[in-house]
Amino acid sequence: MQEFNSSSYINDVMSSYFNINYSQPKAENACYKWVYDTSIFELTVVSEMDLVCDKKMYRAHSSMMYMVGYLVGVISMGILSDKIGRKNSYFISLVLITISAIITAWVPDFLLYVALQLLTGFADAGLFLSFYSLVIELVGPSKRAMMGAATHIMWVVGITLLCGIAFFIRHWRHLKMAISFPFVPLLVVWWFIPESPRWLMSKGRYDEAKVILKQMATFNGKDMPEMVQLSLKPGEKKTQIWHIFSTCGMAVRTIIVFLNWMMVSMLFYGLTLSVENLGGNMYLNFLIFCVQEAICYIISFVLMNKVGRKTFHCSQMLMGGIACVATIFPVIFARKSLQWLTTTLAVIGRFGAAAAFATIYIFTSELYPTVIRNSALGASSMWARIGALIAPYIAELSNVVEGDFGKALPLIIFGGSAVGAGLLALFLPETANTKLPEKLEDAKEIGRKSKDKRYSEDVQEAQLSMLKSNSNENRLQETAFR
């Protein structure tokens, strides 16, 4: 029986091939060969490399190496992207993941396999972060939510295609080749993807930025926009990643952002824990989750602009956290009789977690300036991976603490942490329909403008109230003199 893992990371999808059960032959003499169930898969990494019994932990080592590579990648490729450009770092990552993915299909042993998992995780991080920043920086304020959601939707389309390909290809090497070779044609898009004009201007490369902006204006049937001077003034220090802690306000903002990335990742794990085995057809289950996630991103795009980033993000964190905590009751008291309720709560919670993830991506992009935007995204994503690494240890508390409280404790921590982080997000400045900050000072102004706007609205409301009061007094005086 194949267990279904509902996590939305592509690496976890591939790891589902590691979860196949094996049967140990009843041999009277010493065992010299394993016999595997091939009714679902023709050949897996587990069955080919005999990752069972004393080698069972090797499966965890493989996933861990991917996560380690991703952790290193989000930081190093994020910083590199801010130094050499979005386009350059994207194609470096694309070349690395193409090489590592194709070679993985022919690896002869487990040691080389995990080494390539490390490289794949590293390249995967740089690939998504660089492209996401490039997409966000190429559009105006009113289109950022749409493009952010579109990026996530295309990711869902990709893993849906993976599900379909995996249904027909049950040999892990053949599957790996089928999903790796399509990377090769992508290399030709080098000649079609522009560099971010915002990044070019932040580096003082105005002539190159002007060419790209002129092409964009011509394509859109618009006049050429006026060039904005963003180069560093004489004696002005270059902005580095650690400047996100340069002031008290920026430090508090960054800590809240990091906590939200970490907690939403843990929430995903907690919801997976509550429905770790849905039963039925694993491919159909996975397809259902893909459709749900696509719908989630479409709704997120619509509501992010209407209610604002922080309000929508907070509401989704609360929904996901409360749903996670609520699964305690059917898990403890109803056991199998209310499995449908557990599944329903998990689907609702996962919807909230996915929406929160989509929002925090674009929210973070809008809170930090162009000069360190990718570095800030990378640092934030690092905390999400740390959350994913901590989550299994929190889940193990159910084996350490006895009784029903032990079963409930991990879900309380996962859900409660999400609720707390979501409420903290209300202290972040709103960024919906605002201009992307280019320099560190611009990012600092976001919070100040929010306070000034609220103060101005309060003053206007007070003045309006006084005018109404004076008007009423005048009417009373006129009535008295009559």
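Backbone N, Cα and C define each Cβ position, glycine as well.
These numbers come from a predicted model, not from an experiment.
What TrEMBL records for 1-433 is domain 'Major facilitator superfamily (MFS) profile'. Confidence for the domain 'Major facilitator superfamily (MFS) profile' (1-433), expressed as mean pLDDT, is 81.
Residues or ranges marked as transmembrane segment by TrEMBL: 64-81 (among others). Away from its own ends, the transmembrane segment (64-81) comes close to residues 11, 88-90, 92-93, 114-115, 117-126, 129-130, 133, 241, 374-379, 381-382, 385-386, 388-389 of its chain (Cβ-Cβ under 8 Å, at least six residues beyond either end).
Sequence annotations record features per position, and here TrEMBL assigns transmembrane segment to 88-107 (among others). Tertiary proximity for the transmembrane segment (88-107) is limited to same-chain residues at least six positions away from its ends with a CB under 8 Å from its CB atoms, namely 73, 77, 80-81, 113, 116-117, 119-120, 122-127, 130-131, 134, 173-174, 176-177, 179-181, 183-184, 186-187, 190, 193, 195, 374.
Under 8 Å from some Cβ of the transmembrane segment (113-135) lie the Cβ atoms of residues 10-11, 45, 49, 61-63, 65-74, 76-78, 80-81, 86-87, 89-90, 92-94, 96-97, 99-101, 103-104, 107, 147-148, 150-151, 155, 193, 195-196, 361, 365, 373-374, 377-378, 381, all in the same chain and six or more residues away from its ends. Among the features that TrEMBL reports, transmembrane segment is placed at 113-135 (among others).
Outside the transmembrane segment (147-169), and at least 6 residues removed from its termini, the chain residues within Cβ reach (under 8 Å) are 8, 10, 13, 128, 131-132, 135-136, 138-139, 175, 178-179, 283, 286-287, 290-291, 293-294, 297-298, 300-301, 304, 358, 361-362, 365. Marked as transmembrane segment by TrEMBL: 147-169 (among others).
Annotation source TrEMBL lists transmembrane segment at 175-193 (among others). Residues 87, 90-91, 94-95, 97-98, 101-102, 104-105, 134, 162, 165-166, 169 of the same chain sit 6 or more residues outside the transmembrane segment (175-193) yet have a Cβ under 8 Å from a Cβ within it.
Marked as transmembrane segment by TrEMBL: 241-263 (among others). Below 8 angstroms of C-beta separation, residues 78-79, 82, 313, 317, 356, 360, 363-364, 367-368, 372, 375-376, 379-381, 383-384, 386-387, 417-418, 420-422, 424-425, 427-429, 440, 443-444, 447 of the same chain, each at least six residues beyond the ends of the transmembrane segment (241-263), sit close to that stretch.
The transmembrane segment annotation in TrEMBL covers 283-304 (among others).
Residues or ranges marked as transmembrane segment in TrEMBL: 316-334 (among others).
Tertiary neighbourhood of the transmembrane segment (340-364): same-chain residues 6, 8, 132, 136, 144-145, 148-149, 152, 257, 260-261, 264, 267-268, 271, 274-275, 278, 289, 292-293, 296-297, 299-300, 304, 309-310, 312-313, 316-324, 326-327, 330-331, 334, 376-377, 380, 415, 418, 422, 428, 431, selected by CB-CB distance under 8 Å and a gap of 6+ residues from either end. The transmembrane segment annotation in TrEMBL covers 340-364 (among others).
Annotated transmembrane segment per TrEMBL: 376-395 (among others), in sequence order.
Same-chain residues lying 6+ beyond the ends of the transmembrane segment (407-428) with a Cβ under 8 Å from its Cβ atoms: 252-253, 256-257, 259-260, 262-264, 266-267, 269-271, 273-274, 309-311, 313-318, 320-328, 331-332, 349, 353, 356, 363, 367, 391, 394-395, 397-398, 401. Residues or ranges marked as transmembrane segment in TrEMBL: 407-428 (among others).
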